[in-house]
Amino acid sequence: MVGRERELAENGVEVKVHSQQGDNAGHPVGASSTLLPKRSTPSPAVPSHHSHHQQYVLSADFRPFRRWMPWLVPLFVLANTVLFFITMYVNDCPKNSESCIGKFLGRFSFQPIKENPLLGPSSSTLEKMGALDVDKVVHRHQAWRLISCIWLHAGVFHLLANMLSLVFIGIRLEQEFGFIRIGLVYVISGFGGSLLSALFIQMGISVGASGALFGLLGGMLSELITNWTIYANKLAALLTLVLIIIINLAVGILPHVDNFAHIGGFLSGFLLGFVLLIRPQFGWVNQKACPPGYIAPPSKSRHKTYQYVLWVVSLILLIVGFTAGLLALLRGADLNNYCSWCHYLSCVPTSLWSCKWQNFSCESSQLGNYFNLTCLNNGKSHLYLLSDDSSSQVQQLCSQLCS
């Protein structure tokens, strides 16, 4: 006899059960979902009755995977925002500049546009707070800057762009995979981005969570690949995600954008996704989770062979890559010496801008409480009242004077 069919109007799920020789199996035929990309649901366990015609419906609360309450991503957003306010307080623009923006903000006013167009602190303040400075990492053994720099931002615009991206990308991922795995992907990817940036960009300082954010994008891509069997609308999800990644990486070829941090973060997150974001294959049922009186469908292996292979290969590449990169950096290696074209990955010169790093040189002299600085590139001279005549601040003022 043909098995009976029934639709469950409450949750839009139709379940068909065909019983032949006591082999009962429930198979979801259709389900509405608000998640994009839509995931298929695995076959549920069924009661061990042996009638010839049986039909079951899925509970409205049925979910193939646990849904987590996101709290770590909002905490990351709060931490980055608080650190930005602390940085601005330490910066205290009125104390070291006469042309601050938003003077009514007092200590929180911004550096001049010529110095920082992103509405933020000075480079010397960012350096003091933990920005990535390759010279300090290599010669002063301050490797902690590879992590601290991902929590700092150069300005209001920089902070807003990164935090909005973190909310849109990170919340969804934390709901699906939990705070531990997403937290690890975020921090380790940020470290990977800083490491690759330091190996190729030896001048200036670098700050921002972009590497960690690209790590989340990379993790989304590898998660889609390794969990391919449980996805519906596979091709649409893949093409959409790849297009988003390509557009974001393309923006990195503009000047003053650290695309090496983006690439390093993306590659780290891509490999981490195969290790940390792996799901059981479609059709696998946890035998221990079956309620009393129920039997599970024929057991499948938890993961497919290709998932295990990707897991092992990715873990090896991560360990080898991080170890080799960190050793090379601490020895002062500059990978540009081994790759003559790699600098184009971070900046492509056009008629509108130049990618050359311009070296400025200045002469200085002390005049009481004032500091006279003369740019040797253009002959300009200016008198500064400085409370801190550190070399980093003098370098910053020299760059501002010569540019």
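Using N, Cα and C of the backbone, Cβ positions are placed for all residues, glycine too.
According to TrEMBL, the feature region 'Disordered' maps to 1-50.
According to TrEMBL, the compositional bias 'Basic and acidic residues' annotation covers 1-17.
Annotated transmembrane segment per TrEMBL: 71-90 (among others), in sequence order. Taking Cβ pairs closer than 8 Å, the transmembrane segment (71-90) reaches residues 107-108, 110, 120-121, 125-126, 128-129, 151-153, 156, 159, 162-163, 166-167, 170-171, 173-174, 179, 182-183, 186, 209 in its own chain, all 6 or more past its ends.
Residues annotated as domain 'Peptidase S54 rhomboid' in TrEMBL: 141-277.
According to TrEMBL, the feature transmembrane segment maps to 150-171 (among others).
The transmembrane segment annotation in TrEMBL covers 183-201 (among others).
Taken from TrEMBL, the feature transmembrane segment covers 207-228 (among others).
Away from its own ends, the transmembrane segment (235-254) comes close to residues 36-37, 214, 217-218, 220-221, 224, 262-263, 266, 344-348, 353 of its chain (Cβ-Cβ under 8 Å, at least six residues beyond either end). The annotation transmembrane segment is assigned in TrEMBL to 235-254 (among others).
According to TrEMBL, the transmembrane segment annotation covers 260-278 (among others).
A Cβ distance under 8 Å defines the sequence-distant neighbours of the transmembrane segment (308-330), meaning residues of its chain 6+ beyond its ends; these are 134, 137-138, 141, 143, 191-192, 195-196, 198-199, 222, 225-226, 267-268, 271-275, 278. Per TrEMBL, the feature transmembrane segment maps to 308-330 (among others).
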May I ask whether the transmembrane segment (183-201) has at least three C-beta pairs under 8 Å with the transmembrane segment (260-278), counting pairs 6 or more apart in sequence? yes
